[in-house]
Structures are given as C-alpha cells and as structure tokens.
Amino acid sequence: MRRKLVVGNWKMHGSHKANAELLSGICEARPFGADVAVCVPFPYLSESAVALAGSDIRWGAQDCSAHEQGAYTGEVSVSMLAEFGCRYVIVGHSERRAYHGESDQLVADKAKAALARGITPIVCVGETLAQREAGETETVVKRQLSAVIHALTHCVGEMVVAYEPVWAIGTGLTATPEQAQAVHAVLRAQLKAATPKADGMTILYGGSVKPDNAVTLFGQPDIDGGLIGGAALKAADFVAICRAAG
Ligand code: PEP
C-alpha cells in the first residue's frame, strides 16, 4: 500500500504575511494521514523552513539548475536548496517547459542533479489539449518520462512523477478520474520496465484538483496523491485536499 503525498505548488504567489497565515493554517490542521509538502518560491524557503521546523510538513522548491555552480545568473543550484532543507524540487512543470523552453533532456539533467544532492525531484509530464485531441497523450508522456529514466539509470525508483495534463492546469478543467488513471497506468508500466521499485513509486496527479474532486481522483489505483496549484493557496482548501488523501 503506497502512502499518499499531497504537494502544494505555490507558483509565483505569496508574501510574508500570506505565507505565515497559510503555513500556520496547514500546521494547525495536522496530523494528516498522508505526507504533505509545499513547494514555495525561492525567497520564501528560509521562512518556510522556520515555520515548518519540528512539524511533519515538508517543503521544497519549484525549479533548480542542472549545474552545480558557476556563471549562471539567476539560477539556483540543488546544493543551495539542500542548505534550506528542501525535501523536494519540482522539475519539468509545463509552465517551465512552455515559457522557458525546457527540453526533456534539461528536465532529466535537473532531476539527476537533485537526486545527487539527496533531494527528491517531482518530475512533471503531461500533454497539451492539441496533443490529447490528436491521440498523442501516451506518446508524449512516455517520451518525457523516458528522458528522465535514461538519465537516472539506477536511481529511477527515487523520483516522484506527476502527471499534469497541460489543459487541466489552472483552467478549472480536471481530467476525469478514469482519464487520469489510464495515463497513470501507462506511466507505472513504463516505470516497471525500468525499475523493480515501480510498484512503490509515487505518481501524483495535478490539474485543477479541488476539495470536491480530490477523493475520487485519489481513489484511483495508480493515483498516489496530488500536485496542487490554485487550491494550495487557501489553507482551508489545501487542508481539505490533504484530508481527502488520508
Ligand atoms: C500546478 O500548477 O501544478 C497545478 C496543478 O495547478 P492547478 O491545481 O491550479 O491546476
């Protein structure tokens, strides 16, 4: 039985005041029957680490550099994230792929860099609406995951995978539980061909998860929790989703 994981992706939202309220709202609602984490903007890692220290809520970042250090203006290395106690880093979010031109290979390199520093990469894969309508969903997600599998070799079993259909992110459109499960089963099968640990690996669903659809999504056999965007910004909604996972 895999333990569920719920991760909040704050994206580029937050302020000292809003973060303090959100984090204390989450902490006060503990304990949860699932693992819970928040991936916050870089400048807020420090205060999140302080606010969550001593709790079982984990924290992480939303991106990292594939490089260890050097002349890469504006980038943040995984060793820096490790210094702030990050447990996770999201890599390959569709917003990074679309707005920053991140390739499958770059995403794979970032995942590898994260694991080399003991940080679990949450590797996002997902198809656009046009790709779904063209019947390419399976091809696209397998290609994206394949690049990471090749880069990680013997560490494949250590990553978290997040299936996030691009057409469902921030749109209010959610994949039906059956649509999501079908893709999760494809991803699990691909992981099984790569590692004996596949049955124990966490595959999250992301894309307009809300308190009212979380239970049915998380009830699918290969959906092990969620990567939550908009609904992670309100403590009451995020807490309800965490409870739905427990
Ligand atoms: C996300 O950005 O990872 C996400 C799933 O966003 P939302 O829940 O708002 O669709």
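For all residues, glycine too, the Cβ spot is worked out from N, Cα and C.
In the three-state DSSP assignment, the secondary structure recorded for G230 (substrate binding site) is helix. Taking a C-beta cut-off of under 8 Å and a sequence gap of six or more, G230 (substrate binding site) has these contacts in its own chain: G170, S208. As annotated by TrEMBL, substrate binding site applies to N9, W10, K11, G170, S208, G229, G230.
In the three-state DSSP classification, H93 (active site, electrophile) falls within coil. Taken from TrEMBL, the feature active site, electrophile covers H93.
Taken from TrEMBL, the feature active site, proton acceptor covers E164. Neighbour density for E164 (active site, proton acceptor): within 10 A of its CB lie 29 other CB atoms from the protein chains shown. According to DSSP, E164 (active site, proton acceptor) sits in a coil region rather than a helix or strand.
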Distance-selected binding-site residues near ligand 1 (C-beta under 6 Å), from N9, W10, G170, S208 | N9, G170, S208
Same-chain, non-site residues whose Cβ lies within 8 A of the N9, W10, K11, G170, S208, G229, G230 Cβ center for substrate are I169, I228, A231, A232, L233
Should N9 (substrate binding site) be counted as helix, strand, or coil on the basis of DSSP?
-> strand
